[in-house]
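Report on one structure; see the data block that follows.
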Amino acid sequence: MIEKIISLLFLIGSLTYLYWAQEFTFGTLGSPKSGFLPNLAGVTALLLSLLLIFRQFRLKKTKNKDAVDWTKFLFILIGFAFYLMILTIVGYFAATFIFLFYLFKVADTSGWRVPLAISFCGSAAFHLLFTYYLKVALP
Amino acid sequence: MDILNLLLQGVSVSILPANLLSCIIGVLIGTLVGVLPGIDTVSAIALLLPFSYGMDSTAALIMFAGIYYGSKYGGSTTSILLNVPGEAASVVTCLDGYPMGQKGRAGAALAISAIGSFIAGTIGLIGLTLLAPPLAQAALAFGPPEYFSLSLVGLILLSKLTGTSTLKSALMAVIGIMLSTIGLDSLSGISRFTFGIDELDRGFDLSIIAMGLFGIGEILTAMTHADAKPDIPSVKFRDLYPTKEEWQRSITPMFRGGIVGFLVGLLPGPAATISSFISYGLEKRYSKHPEEFGHGAIEGVAGPEAANNSAISATMIPLLSLGLPFCGATAILLSGFMIHGITPGPSLITERPELFWGLIASMYIGNVLLLIINLPLIGVFVQLLKTPLNFLMPLVAVVTLTGAYSINNSMFDLIWVIFFGILGFLLQRAGFEPSPLIIGLVLGPELERGLTQGLIICNGNIWTFITRPLAATILSLGFIVILYNFVTWFTKFNNKRKELDANRS
Amino acid sequence: MENKAIPATSKYPDKPITLIVPYGVGGGTDLVARLLEKRALEYLGQPLVIVNKPGGAGTIGWNEVAGSSDGYTLGMTGVEIILQPLYGQTKYHYLTALDPLAQIAELSIVMVVQDTQPWKDLDELIRYAKKHPGEIKFGHGGMGTTGHVAGEMLAKSADIRLEQVPFQGSAEATASLLGGHIQVLFTNPASVKEHVKNGTVRILAVASEHRLKDPVFANAPTFREQGLDVVCSNWHVIAAPKDLPVEVKNKLVKGFEAIINDPEFQKNIEKLGFEFSYLGPKESQEKWLTENQKLSKTVQETGILDKIKAQKK
């Protein structure tokens, strides 16, 4: 099922890409311009995704994959989004601390104190490592 | 032999206390840089450049070189343990290294990777010692049409790399190419597909996509298992080292990888990354157990890791003999040279032999040091795997994100890492292999540049383009291999059909 | 211009100053900036923090400098601040949005050919080009860069047709020249110095006002000397957003003047392959204006502007 969705997405993606690529001149063989490769690549992708979808509708087998906990997936994504948003506001240390704790909870770790402690140590360690030893400018 | 004499002289230079110390510091930093996702060799060396002003030139350069090849040892560590490539060149190691880790063979994978790196690194150095000037000249004969041919043939052959569906892999590769066109194109001077978003002008950084697809993707997969958390097999001591069978299967790949990496390293482009992919493809082709690839085939770790280390030695050749840096890391090494008043080039060997040979000798020593450092660390690293997944994964997520941010100091990049993480997660579930996308991303620019420049040079004449001796050779070889593959596939297809018919009647 | 945070001028600087390098780590500009970083504490009273913001041929970094107002954000600039707005829409018009504080060095462009080529000097090449229009291919570091502009300027003033081959950076272009894939190369002297010394590469002309100081190149005639109006060079200038309080600006100017004129700094700059050339804020500003005038004319006349516009329909 998901295979077909992805292939369809790729098909739409290639079409969109090709559409946007029309903005660039194709050029000539002696003087290829910026639209040369994009057009070629876009057309190839289009053909391939068409072939793929065609083939998928002919064979009906789907592989059985482990079930996925989509709720957790959603929670993790929300966590990521939240982390990105607060990163610039409260700074690296605080944001990472909150984020780590959140993720630990989503990942079903038990108790409060251990996750809290590890979140604290983790954020501190990373902060130190990246800021002082590696001189990276963290938010 | 004259060269041996010079090399021995170099050894005497490189074991001077100051130089030896720099070597040790360099390889240590290099290993750390390789292990940490996001911090790359170029940044590390650039950060240390100002500090090196006070140092003696030879010592400084030995240290920088140490960082350079040291990082290729460390990069495989996180790939094997966590499916997060520490460096773009270690992406391929994730393919078979990580499954090995999941099966409890992480120690073996790490060991083979370290030893393979050592053997290949040394092979590369021998090549560098003996053949530097002539090889450099030979490399110059490759012009844009040749790069195009190499990229084209490489793409076609390599996109068959993994997974069971050639069609899917091919599509991923083309998408990789399409992604690589986004951004400011130096060939035409305009930004493509950026919709006025300045940040997109930079294009997609290979590391960002790799860390997202593989790293975050794996984290998402691991954290969303609906079933009970998978048991991490407890690692016994003897599991830390490879079995005899694993050894035997790895020896040839190591040597093959060493040679392939060396040859690829002579050419422009992200040599270590490309050579690791090529080695993977080669090993899969020659392996007696091709179906194991992608699920923990030791050759898939031995070959690529060897390749990316010998590629490093090879990239030093154009740098030292011609003063031409063909990849980011050698470019910054060049800056390191120049800051100390040394301009590598044809006259370097004659004007500063003690520097040249001292540097090369230090690279041999450095490789040995790295082996000594890395092997015992394997035990330490494997302990990491014992951490319960639910503690480990969030920590890895944070390290990956932080590392990704640090590449360009850009929040924008973080959004992309997560986006590609989600994409990687979905792709895995849909049976698409992410690695061809990386190949497309890496080779796409080479392809386009070779094509555009080549056509201009040949005045738009395709015939001239493909009849250049080198280009023609590459294209014909590629064509023959593709034809051979097609014929084998067709025969198998035919045989299967005959079987089915026979069974029916 | 509302809501600008005016820095406390008497205490300035009281916290580290950010210097934005709009290129990747390890590039020429980045290394110059890091040289500055080394001595900043002494001369400016506060450390310099280098932040790399690569992308958009520099525009990403410059946008940030132009958009800042706290007086603690500076940027490294090059000739691209003039060229980029000419080629297309940029967020700010850098010439008016930025204020130069000091020029550090100049990078000139040289025209070189392989030793094995038959043309001993520029005249011979021009004569050949007139007889075989479009046959000579010249390489450069990217569309719209100084190498490209210099090449097109030559084509126009000598009235010949040259085909340009864009490369991504000077290393690739130099490799192509040495391999014989292109015939001519316009690039910075540092890239080819060793090869000129070695004799494998011959230098035909220099695109600057005066001959180069470096002994290896001292014998190379300038284009001007040979009767052609081809002058094109890149430079490194530290810039601040416009409208900084005068006191703040003066403190910065004085501090940078001291750092840059320090003899050791000069030596290091030259080691990197750049030609040291200090200019104060006023001279830099004048230079920006004249360069802008000149380059606007050039990119139009040589057709570079059209070529770049032609990439989009």
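In case you wondered, yes, glycine gets a Cβ from its N, Cα and C as well.
Database features (TrEMBL):
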TRANSMEM  B:20-39  transmembrane segment
DOMAIN    B:20-439  domain 'DUF112'
TRANSMEM  B:45-69  transmembrane segment
TRANSMEM  B:108-132  transmembrane segment
TRANSMEM  B:170-188  transmembrane segment
TRANSMEM  B:208-228  transmembrane segment
TRANSMEM  B:259-282  transmembrane segment
TRANSMEM  B:322-343  transmembrane segment
TRANSMEM  B:355-382  transmembrane segment
TRANSMEM  B:414-432  transmembrane segment
TRANSMEM  B:470-490  transmembrane segment
### Query
When you scan the chain for residues with a C-beta under 8 Å from the transmembrane segment (B:414-432), skipping those not six or more beyond its ends, what do you find?
163-165, 168, 171-172, 204, 208-209, 211-221, 224, 400-401, 404-405
### Query
Cβ pairs under 8 Å with the transmembrane segment (B:355-382): which stretch of B:45-69, B:108-132, B:322-343, B:470-490 has the most?
B:108-132
### Query
Looking only at residues six or more beyond either end of the transmembrane segment (B:20-39), which have a C-beta under 8 A from one in the stretch?
14, 48, 55, 59-60, 62-78, 84-87, 90, 207, 211, 215, 362, 365-366, 369-370, 373-374, 399-400, 402-407
### Task
Could you pull the average pLDDT for the domain 'DUF112' (B:20-439)?
81
